[in-house]
Amino acid sequence: MYDELLVLLSITIFPGVVFTIALALFTQYFVRKISGRLQKRMGPSYVGPIGILQPFYDVLKLVRVKEEVIHRYSMPSLAKLFGIIGIASGTVVMLMFPLSPIKFYGDYDFLVYIYFTSIWIPLSLILMSLSMPGPYTAIGVSRYLSFITLMEPAFFVSILTPLMITSRYYSPPYSILVTSMNIHKFWLNPLTAIPLALSLLSAIIVLQARAMYNPFNIPEAEQEIIAGYETEFSGPVLGLAIILHDVEVAVTAITIVYLILGGPYPFKHTSVQGILTLITKYLLVILTATIIRNAFGRYRLEQALKILLYALIIAILSLIITVIVLR
Amino acid sequence: MYPAKYVPNPVALTVTLSFIFVLAIVFLTILYLALRPKTHSRRITEIYLSGEGEDVVSSHTPSPMNMYWTIIKKFFNQIYRELIEKMHTGSLLDWASFMLSWFGLLIILSIAITLLVTVFAVLIR
């Protein structure tokens, strides 16, 4: 009974739905605030202390107050359903990290992680967009589809490096939980630190592309194609799309923090040092993405695809080095 | 301190996490329905493109074929151009040699895979 209650609380509150959405909206706040500062603006300032509740208020306003603007080919209910499915797939994987009070792990569980994050989240975003069709939506979606062809393989290969390293010494093999708890030890060995650094570089590029931050803001390409895949979104559908996008960013950043950077370890999650280490690493990853976002303009699609190809090559290189080192 | 659920069978783990996935969808739907106002305002507009009505577009939604060709022509144009130059030269011989080389490659690959699988099966027996 106690176990079932714990599972239910993990799904709904921590680190499930409520925590994941809160983390996602905080991430949006942090990116907006830092971007504002980098551009000599205030950033969000009015709602909550130092404007921290602004993204939450924005979403609440879209869901509760704003009207839904549709045309006769729109299917807003279907769009909302896909939005919810996407957010749910982002929250499920949080139960595979050591952060969760109840952790699910097993042999080769990273494949389940990939199934939820690399298939369900992009698919939900695409189907959500196609449920509200329009000429600019179609362009945005086709651009996003061509992104996926390189972005997801690059992410897959980049997280394979830490998984392969830890699987050599710890079991169960290729487990998200076991890798998160042990990968920090391998940063001290120069032979394994090199492939880890390469996979970190590749994963940061993928984070930028998944978040669709500059220079990868091509599928939404504001002004050029209005708002790309989200042109036809309004009211509650736009609110859910914003949450889905932020959940994707937060889950990718958490993955980098745990699988490559080692989370709070060697400290415990429950210790002050552990919490501080975890928060610092998370904020550093998001800060890096924000600085890149503000330092670059928008690339053309073929330029962006070339960068993603380089990210894939770097990830493959790190995998090859890992195989050589582990022999 | 807290339990960790070790599920050794990957299929069982997938099923467990899929069940959690469904629970999360149900919880999110309840959360959304609770937040949604009782009377929802909705405005239905005409579809338009750069200020023009929907009569200027031939089809209201892009067909899958359109999307496929957009991706092929715009984003994989290097492969597309390569195919055009190698295969669509107007000469039937070029087309035949291109197709035969591809089919030949596929046959060699399938034979190689079959051999490898057979060797592997014999080795692990």
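Heads up, the Cβ atoms here are built off N, Cα and C, so glycines get one too.
Please treat TrEMBL annotations as automatic predictions, because they have not gone through curation.
TrEMBL lists A:6-31, A:81-100, A:112-132, A:144-166, A:186-207, A:237-261, A:273-295, A:307-326 with the feature transmembrane segment.
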Positions on the same chain near the transmembrane segment (A:144-166), where near means CB under 8 A and six or more residues out: 110, 114, 118, 122, 125-126, 129, 174-176, 178-179, 182-183, 186, 192, 195-196, 198-200, 202-203, 205-206, 209-210, 216, 218-219, 228-229, 252, 255, 259-260, 301, 304-305, 308-309, 311-312, 314-316, 318-319, 322-323, 326
Same-chain residue ranges lying at least 6 outside the transmembrane segment (A:273-295) that approach it to Cβ under 8 Å: 27, 30-31, 34-35, 38-39, 99, 204, 207-208, 211, 213-215, 249, 253-254, 256-257, 261, 263-265, 267
Interface present between the transmembrane segment (A:307-326) and the transmembrane segment (A:6-31) (three or more C-beta pairs under 8 A): no
Cβ-Cβ under 8 Å with the transmembrane segment (A:186-207): same-chain residues at least 6 beyond its ends: 151, 154-155, 157-159, 161-162, 165-166, 249, 252-253, 255-256, 260-262, 285, 288-289, 292, 307-308, 310-312, 314-315, 317-319, 321-322, 325
Spatial neighbours of the transmembrane segment (A:307-326) far in sequence, C-beta under 8 Å, 6+ residues away: 147, 150-151, 153-154, 157-158, 160-161, 164-165, 168, 191-192, 194-196, 198-199, 201-203, 205-206, 209, 215-216, 299
